[in-house]
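To start, the structure itself, in structure tokens.
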Amino acid sequence: MAAKGGTVKPASGFSATEDAQTLRKAMKGLGTDEDAIISVLAPRNTSQRQEIRTAYKSTIGRDLMDDLKSELSGNFERVIVGMITPTVLYDVQELRRAMKGSGTDEGCLIEILASRTPEELRCINQTYQLQYGRSLEDVIRSDTSFMFQRVLVSLSAGGRDEGNFLDDALMRQDAQDLYEAGEKKWGTDEVKFLTVLCSRNRNHLLHVFDEYKRISQKDIEQGIKSETSGSFEDALLAIVKCMRNKSAYFAERLYKSMKGLGTDDNTLIRVMVSRAEIDMMDIRESFKRLYGKSLYSFIKGDTSGDYRKVLLILCGGDD
């Protein structure tokens, strides 16, 4: 199935200077014209939004991020600020938020580290160090423990094989190792799961999953669920899901953020902002297929006001 890509594309007939003037006008004097802010920023892609920030500073002599933060509030502010933050920096800030203060947002750590490409992860590491003067690995080590810590450290290194090569003998060995690591009567050899799932390329892993099913008569997901627990289990399952179908993984993240009472706004905002340009069309398709309703209708029913307006534009339409 061919990937459909993102909902946010570069706007044509784009003028950063004109957009900067429109934004200033929307925030000047009493009150704020939220609709004008949405109409400028939502249809632009990330690099165009960066050009607008530069134009705003050079033509108006003020910082766009500061102005938006002082004029807006709540979840709407968080979406807009996320949209004008460079992509890698946005991930870095989310990782930082997930480990700051008491408590850890394990779901956020898993989502970012399991879904980003090795190249993206290397950029995240460099930016984290520059931004906060500490390595991402250090912070993960001080904030997590045991096998969960080890899987995050392993993922964050961005060392996954990026090729497509399939070594048949190694593939069979990996499947056998995972089977034995889990089916051993005296407990689970978690390191084997970690080694295979964090370092092998996607093509290799998809074959490993098939071979594992052939020898164990169950899906790798079932094996992971019966042999591991807690955040370590969540991380391994996320890796498997991202390898099988990344857009379905994000569809599930969005569904879980909105189903039932209350909304997990952190997850909803992060996925909508970070995937709009990459694979939002594919996420929408997966969402409809998995849950029988459109992502658009879920967002519409779960949010309100300007927050809803901007998320629906990022969503890009109903299905």
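Yeah, the Cβs are placed from backbone N, Cα and C, and that goes for glycine too.
Listed in Swiss-Prot:
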MOD_RES   A2  N-acetylalanine
MOD_RES   T7  phosphothreonine
MOD_RES   S12  phosphoserine
REPEAT    14-85  repeat 'Annexin 1'
REPEAT    86-157  repeat 'Annexin 2'
REPEAT    169-241  repeat 'Annexin 3'
REPEAT    245-316  repeat 'Annexin 4'
Could you count the residues of the repeat 'Annexin 1' (14-85) that DSSP puts in helix, in strand and in coil?
53 helix, 0 strand, 19 coil
When you measure from the Cβ of S12 (phosphoserine), how many other Cβ atoms are you left with inside 10 Å?
5
List the helix, strand and coil residue totals of the repeat 'Annexin 2' (86-157) as derived from DSSP.
57 helix, 0 strand, 15 coil
By a simple count, how many Cβ atoms lie within 10 Å of the Cβ of T7 (phosphothreonine), its own Cβ left out?
22
Average model confidence [pLDDT] within the repeat 'Annexin 2' (86-157):
97
Using DSSP, how many residues of the repeat 'Annexin 4' (245-316) fall into helix, strand and coil, respectively?
56 helix, 0 strand, 16 coil
According to DSSP, how is the repeat 'Annexin 3' (169-241) divided among helix, strand and coil residues?
60 helix, 0 strand, 13 coil
Can you check what DSSP calls S12 (phosphoserine), collapsed to helix, strand or coil?
coil
